[in-house]
Amino acid sequence: MKFSELWLREWVNPAIDSDTLANQITMAGLEVDGVEPVAGSFHGVVVGEVVECAQHPNADKLRVTKVNVGGDRLLDIVCGAPNCRQGLRVAVATIGAVLPGDFKIKAAKLRGEPSEGMLCSFSELGISDDHSGIIELPADAPIGTDIREYLKLDDNTIEISVTPNRADCLGIIGVARDVAVLNQLPLVEPEIVPVGATIDDTLPITVEAPEACPRYLGRVVKGINVKAPTPLWMKEKLRRCGIRSIDAVVDVTNYVLLELGQPMHAFDKDRIEGGIVVRMAKEGETLVLLDGTEAKLNADTLVIADHNKALAMGGIFGGEHSGVNDETQNVLLECAFFSPLSITGRARRHGLHTDASHRYERGVDPVLQHKAMERATRLLIDICGGEAGPVIDITNEATLPKRATITLRRSKLDRLIGHHIADEQVTDILRRLGCEVTEGKDEWQAVAPSWRFDMEIEEDLVEEVARVYGYNNIPDEPVQASLIMGTHREADLSLKRVKTLLNDKGYQEVITYSFVDPKVQQMIHPGVEALLLASPISVEMSAMRLSLWTGLLATVVYNQNRQQNRVRIFESGLRFVPDTQAPLGIRQDLMLAGVICGNRYEEHWNLAKETVDFYDLKGDLESVLDLTGKLNEVEFRAEANPALHPGQSAAIYLKGERIGFVGVVHPELERKLDLNGRTLVFELEWNKLADRVVPQAREISRFPANRRDIAVVVAENVPAADILSECKKVGVNQVVGVNLFDVYRGKGVAEGYKSLAISLILQDTSRTLEEEEIAATVAKCVEALKERFQASLRD
């Protein structure tokens, strides 16, 4: 939110400079993002009046003027602005004036005519970007007055970040309340005198959705001049808040919005048929908005309608049909309290974000509407004329927010703050904040003010007391606690250790959103139902991820589109799997996943360009599994996964339980995702691996190891891992190593079979093995393979 410092000081004016004020606001929890002067640095510019205005004899686009600046004579000034005319009060830079950019005004001749100054536009004074013409001042602007003084340009715009819980500070009144409390000053509110009804005109108002709209006020104002100019003082206040002046009616409602934080809307009364009905939209109902776009409404969208059609989206945006235009003479002013839940998410659904919806979503003071209506009525009549009818108030007390009594205990206050604040100070702070306070023994009973939706529980009151007391005033004290050194189980494998290993292997860690595109996720996990968000950031981020692959593959595409073809990335994070047996019907699993693509090695003059394959990723994965001490218990089994290539993928099993997948991305998926070349992925359920096997020390044999190689022929569908596992079971104490070093298919091996060449390493820790023992062990191994897999020794 952006506002004028001088406007704030009209409400409360502490004796501190701008920098101190900004720091004070920040320390109060309203972070100041910036403080900027409202105008450039200049001097020598005064209010003047164009007494004469004639066409320049030598230039079609210039005019020769005589300007009264309050001196002993009129100044001759040449001006090229299209709006220059006789009788206009203007901003005049006299000779010797210095404008922003160190531009000095001197006497000169323009196309043969003398010019003793300059008539200035807003842009030339550094006030705004408007350079369409010279500044037009009110007819009563005092001639000769310094323009900085007249327009109050010695001012700053202060921009603050208002957190969602402090919706009360989305108006000058809310910020002023905080500044008043912090400086122990009274709040000087503008006098708002009720405007009595001078006509009896009303419109019938019916509220059919009291839960969504507990309070609705309407008032007819007839005979207004919508073309009346908005006063310069109001335009300037709006401009300094970042709001562009549109017309007097809209400017008045915007002014009340910025001043009091209450959104308002004006309807063209003559376009309303029958009366006002506040209801939920009908399914499929449409509304043409003020910006000309057509919105298709849902049944949960609140609308303001007449007896035939929707006129506006309640609390969000007005409709084109009932909007105020140049022909409008009679208006209906609307001022309402809409429930935050009835507005939240509705604007985003239609791609909208308005000042009104921003405030209603966070909560508007439910007792503010009468004050805002009277303020807007008075301003509208003062500027546009007209006569006001009575205020029609439709209020459902049962659905208005209720203010609960909150108990603040002395023990809780001292414990959370860590400092004792005197009872009378606590009481004073709460009352200055607007709370109704009843003191008790070692406690306070407080009722929060209507504008503070965020004060609901005891901790909220503690926060408010500490904030107003001043965090800087709470002394630093050492923590009074005993620190117990924690122990670390040797069996716990740190995920950080695994990340370090992957980093050493050239992988980079990434963090992707848990919110993913449901369409892309369905490509990776077809037929699996994901958890959908009720209020997503965007349609492309509306589902919770079922695996980390969705985000990782999107990251690969992002990098490939930026000429990064060799990618090695990994991520650890939660996946969200629907599970009726889990709490709330959703299971959260910690996963570790990775992706590689491109060349095996970085580009090098002495290395051939080789693309990564299944065994590159499998090898990296085995290094990770080796850290767990369970690599020998892990099996890679051929198992279908719709996201992976059926012939180049595997499921990973640990002790018979599946813990993940590894493989090449399915060619069809690769095409749909626009992946460039072969891409390989893996994913592991980390919690099933985190409890590692503690290494056991064993004696290193001093006796020679013996290697024997065998080649066995088995059916094509027999996994090599099963063959190796069976070999390890034979001669457990003597077979210290089993490795597959060749796979052969072709001449000499029947079709549908393969030859596996296996090396057996045999060794004993107490003696040198005899040849007979070695041969017996090898024979035993061959026999076991023959019995289980119908294997035969290859000739």
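The backbone N, Cα and C atoms fix where each Cβ goes, glycine too.
The domain 'tRNA-binding' annotation in Swiss-Prot covers 39-148 and rests on sequence analysis. Residues belonging to the domain 'tRNA-binding' (39-148) score a mean pLDDT of 93 in the model.
DSSP labels the residues of the domain 'B5' (401-476) in these numbers: 33 helix, 15 strand, 28 coil. Annotation source Swiss-Prot lists domain 'B5' at 401-476.
Swiss-Prot lists Asp454, Asp460, Glu463, Glu464 with the feature Mg(2+) binding site, giving sequence analysis as the kind of evidence. Within its own chain, Asp454 (Mg(2+) binding site) has Asn165, Arg166, Asp460 as residues 6 or more apart in sequence whose C-beta sits under 8 angstroms from its own.
According to Swiss-Prot, the domain 'FDX-ACB' annotation covers 701-794.
Across the binding-site residues listed here (Asp460, Glu464), the residue whose Cβ sits among the most other Cβ atoms within 10 Å is Glu464. Surrounding the centroid of the Cβ atoms of Asp454, Asp460, Glu463, Glu464, where the record places Mg(2+), the chain contributes additional residues within 8 Å, namely Asn165, Arg452, Met455, Glu459, Leu461, Val462, Arg467.
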